[in-house]
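Participant: Sharing a structure, written as structure tokens. Questions coming.
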């Protein structure tokens, strides 16, 4: 029975994520419309709410084409695997009913993001298009560069809370959020999330003004829709992870979803206001700014932890010394009393 409930819970989670992706695209089009002083989609239904579902039906019913020189199997399966990884990453969220017990949730998340690089690379390579290949190579270099800083920051939090379980972040932020005491790290983490999801100003894998459409230039119909859904599912997951790590809140409360919506809005806000970086500046930012900063933060957390351990050991040692001194003084007093009684 528990296994069946776990399967049903996982399916409900996947359906909820896909519906959230649909409404996130609508939110993005609305926000970008108002940023550019125009209205977003407002013709379909009430205020354009059914628009994402109409777009999905249109994309999946269009004719499926593939380049004659492409590697057929890799070309078709890379978007499917990309969406699969984006949805599997959601399984590490601590829910009441779940299929797996992820005490190593952060490690599982790193594995999923690392595997996501290969889907973009294979999608660009299997198309046998120069633009797609350049977009894939850019995505691989960008993701690998920023994953180093991401892993170091996550490792710092593992040392800080003493666990890989995502649920433990809630217990440590009941009094004060990590955002308040670690604000610079939260900004670095948000920039890394933008780079990991290939969003503006780090959208070099898709650079329309340079590479036509990047690694997905040869995709149409369902393949393009799956790549699109995988990207927005990753944005939602990164927003959720930011809320868990820095804006600690009970995942089953209403405020958690308000925070999640706000962080997703900031992703869209960044796209509407920031220009694209130059590619060399992106790499300099990763290796010369974020990497030393995250490494120093890791060393600071380790040093702080060792200092606390030393202080606790010192306190315990001083208590033990005081107890030994008390017992020695008490024994001496008793010996003196016994000697006086005997004499």
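Keep in mind that glycine also has a Cβ here, set from the backbone N, Cα and C atoms.
A TrEMBL annotation is a machine prediction, not a hand-curated record.
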Participant: TrEMBL tags one of 200-223, 224-247 as transmembrane segment - which one?
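Facilitator: Spelled out, TrEMBL records transmembrane segment over residues 224-247, not the other listed ranges.
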Participant: Six or more residues beyond either end and a Cβ under 8 Å away: which residues meet both conditions relative to the transmembrane segment (104-125)?
Facilitator: 71, 74-75, 78-79, 81-82, 85-86, 88-89, 91-94, 132-137, 139-140, 143-144, 147, 150-151, 154, 157-158, 164-167, 196, 198, 205, 214-216, 219, 227, 230, 234, 241
Participant: What stretch of 7-27, 75-97, 254-270, 290-312 shows the most Cβ pairs under 8 Å to the transmembrane segment (224-247)?
Facilitator: 75-97
Participant: Within the same chain, where does the transmembrane segment (254-270) have neighbours whose Cβ lies under 8 angstroms from its own Cβ atoms, ignoring anything closer than 6 residues to its ends? I mean 6 or more beyond.
Facilitator: 24, 27-28, 31-32, 35, 190, 193-194, 197, 199-201, 235-236, 238-240, 242-243, 247
Participant: Top stretch among 75-97, 145-164, 176-197, 290-312 for CB pairs under 8 A with the transmembrane segment (7-27)?
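Facilitator: It is 75-97, which has the most Cβ pairs under 8 Å.
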